[in-house]
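Report on the following structure.
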């Protein structure tokens, strides 16, 4: 069995986020001063997590967030951040650079509702989901290859001395609703073959998580509400998943959500950090 951790973080705030203006892919704004503070806070929250791989959207706000998080990490300061266009925000076409209220007005005029409405030149939700699905399958394949390489180099016995999940997932032991997160069969620590950090965008992440839940039957925390599941993550909100691939198969992954849009690290950053509702 191949088993890996996946931590997904939304980028920090930009001035367009604060002013509720759509950025999509066509507006490549840097982080605001608040955004850098949020990224610093997320980096401190994740500073004890030993990541094996880091991926980021190639848009500036995500790249700056990823670099800040890794710069705070105790184990991964020299880990290469790989940029991937599949992690970009949903493309909003003619609505990019315009207020969110304009998008809602366009949807109303078309007799539709957000987020299902697709403005001219934008991506449909299905197109975004295909991007997310393609990237996730890439991650699964990566984890399989890492496990196979480790097995070839050191043999199956070496896994018993690997890094435990508890060591990898340190911040979530105080925030998840599932006791015994790092225990199995009488307390034996499970091993992660890889622990992956991904920095992306709000609408993209919501669609990706929707794919996990509806298509892959992801197990959710018991106390998670429908409103929380459908809301866009706050800037630098953190979600964490454990993925298991039976016999190394990428076809039927078992996914467990440990926490969704976790934002306790933002308490002292500012009121701008409250998660947006569905749009």
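Every residue gets a Cβ built from N, Cα and C, even glycine.
Look at TrEMBL and you will find 11 tagged as active site, tele-phosphohistidine intermediate. Within 10 Å of the C-beta of residue 11 (active site, tele-phosphohistidine intermediate) there are 33 other C-beta atoms, taking all protein chains into account.
All protein chains included, residue 89 (active site, proton donor/acceptor) registers 26 other Cβ atoms within 10 Å of its own Cβ. According to TrEMBL, the active site, proton donor/acceptor annotation covers 89.
Other C-beta atoms found within 10 angstroms of the C-beta of residue 61 (substrate binding site) number 29, with every protein chain shown included. If you look up TrEMBL, you'll see 10, 11, 12, 13, 14, 15, 16, 17, 61, 89, 90, 91, 92 marked as substrate binding site.
A 10 Å radius around the C-alpha of residue 11 (active site, tele-phosphohistidine intermediate) takes in these binding-site residues out of 61, 90, 92, in sequence order: 61. Sequence-distant neighbours of residue 10 (substrate binding site) (same chain, 6+ residues apart, CB-CB distance under 8 A): 199, 200, 201, 202, 205, 233, 234, 235, 236, 237. Between residue 61 (substrate binding site) and residue 89 (active site, proton donor/acceptor), the C-alpha separation comes to 11 Å.
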